[in-house]
Amino acid sequence: MEFLPLFHNLRGSRVLVVGGGEIALRKSRLIADAGAVLRVVAPEIEAQLSELVVQSGGEMILRGYSECDLDGCVLIIAATDDEPLNAQVSRDARLRCVPVNVVDAPALCTVIFPAIVDRSPLVIAVSSGGDAPVLARLIRAKLETWIPSSYGQLAGLAARFRNQVKGLFPNVQQRRAFWEEVFQGAIADRQLAGQGAEAERMLIAKIAGEPPPETGEVYLVGAGPGDPDLLTFRALRLMQQADVVLYDRLVAPTILDLCRRDAERVYVGKRRAEHAVPQEQINQQLVALAKQGKRVVRLKGGDPFIFGRGGEEIEELAAHGIPFQVVPGITAASGCAAYAGIPLTHRDHAQSVRFITGHLKNGTTDLPWSDLVAPAQTLVFYMGLIGLPVICEQLIRHGRSADTPAALVEQGTTVNQRVFTGTLANLPQLVAEHDVHAPTLVIIGEVVKLREKLAWFEGAQATL
């Protein structure tokens, strides 16, 4: 290990920055964020850096560098494009045994700046020892996506009770076990879900020795339209800590594979006129599993609150006092339209968009057809494949032109995506000609014409 990772408390200490340009500004921002007082030395200092110095309560010295500028400073930064000057600053600092960093010159440094993930008070530093800074930044970028910002709040919660826990458990092993339970259990879940007050209440109860609640928690997670890359970070995190996953037919296998490997998987999918598991039974199953103390992911295609019956499920959970979280997903209308190259709204073609269920009941649909034929709007029908002849017929009968552009998006956002475009008049015919199957989204409106020049994703299938 060439460099020993340390965290330096600079609050209120003076730091010398030699240089007044963009490089010096970048370093000075980090230093100022740590609460240091800046001393910047350069013949010219750019405006943003000047403001930063003033905000830190520091000083600007408008001249060339002098060895006496190091007086009273605990850290030295050489941030100029003058290599001999940078080398001189490094030598002077070393002679005084003051830590020095020379930008982009590891050989002249006694300290280097890592790539930083800031979730204060939790801070993560990644360094390549100056050998591959781009690689360190790429690793930092991955960590930024893996570690929610709420981890900082979780660390802050622990900090507020640290001394109290230390007094309760004088043995370090006991304290470690206590905090591991906190960070891996329901208290952390509440804090990460944005329920800080409840997390604090539970931590106080745990410190007081009260038995923890036996109830688990349910995560209602939107799996999006099919492409795993469209999952949210929170969805992925909760999927990977679930004990049980209840999933429906619209959840792609590639998404299901991202769940925790040893989680129990329960299929509760539904097909038209064939409910594998009645909705009421799904609701009861969620309650029963949570009462067993399990973390349950209810994984639903698209967004759980858009034609997903998510509202019914959490009503049941709320009635039984079961804690739950709702993680939105990209709904099929947004995802499939984007991957098909069809903007749902457009200044020249559509000023509004409607999401509509096309599900037939007793062979018909009970929809406000007169409203649906208004101009300058896009219609998106979910579950509309079986009822498509009725939908097209009713729209034309109520005044929508038979030549209105329309599209079918089958298995949108996946490698098996197929898109077929036509008009209201021939859309049902396209279904038969190309053997189109669910899940298929129906998009109706002038915006469909834009696909000819905006299509960008074709998947593995030909489109028409």
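Note that the numbers count up from 1, one per residue, in the order the chain is shown.
Each Cβ is built from the backbone N, Cα and C atoms, and glycine gets one as well.
Features reported for this protein in Swiss-Prot:
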ACT_SITE  D248  active site, proton acceptor
ACT_SITE  K270  active site, proton donor
BINDING   E22, I23, P43, E44  NAD(+) binding site
BINDING   P225, G301, G302, D303, I306, T331, A332, M383, G412  S-adenosyl-L-methionine binding site
MOD_RES   S128  phosphoserine
REGION    1-203  region 'Precorrin-2 dehydrogenase /sirohydrochlorin ferrochelatase'
REGION    216-464  region 'Uroporphyrinogen-III C-methyltransferase'
Sparsest-packed among the binding-site residues, when each Cβ's other Cβ atoms within 10 Å are tallied, from P43, P225, G302, G412: P43
Additional residues surrounding S-adenosyl-L-methionine, by Cβ distance to the P225, G301, G302, D303, I306, T331, A332, M383, G412 centre under 8 Å: G224, L250, F307, G308, G329, I330, A333, G335, C336, Y382, L441
Fewest Cβ neighbours within 10 Å, where candidates are the recorded positions E22, E44, D248: E44
Protein Cβ atoms within 10 Å of I306 (S-adenosyl-L-methionine binding site), excluding its own: 18
For the NAD(+) site built from E22, I23, P43, E44, further residues of that chain with CB within 8 A of the site's CB center: G19, G20, G21, A24, A42, I45, E46, L49, T80
Residue among recorded positions E22, I23, P43, D248 with Cα closest to the Cα of I306 (S-adenosyl-L-methionine binding site): D248
Assigned conformation of G302 (S-adenosyl-L-methionine binding site) - DSSP reduced to three states: strand
For the residue listed as 'phosphoserine', nearby residues of its own chain (Cβ under 8 Å, 6 or more apart in sequence): L135, A136
Cβ atoms near A332 (S-adenosyl-L-methionine binding site) (within 10 Å, other residues, all chains): 27
CB within-chain contacts under 8 A for I23 (NAD(+) binding site), separation at least 6: A79, T80, D81, V103
Spatial separation of G412 (S-adenosyl-L-methionine binding site) from E44 (NAD(+) binding site) - C-alpha basis, Å: 56
Rounded to the nearest Å - Cα separation of D248 (active site, proton acceptor) and A332 (S-adenosyl-L-methionine binding site): 15
Rounded mean pLDDT for the residues that make up the region 'Uroporphyrinogen-III C-methyltransferase' (216-464): 92
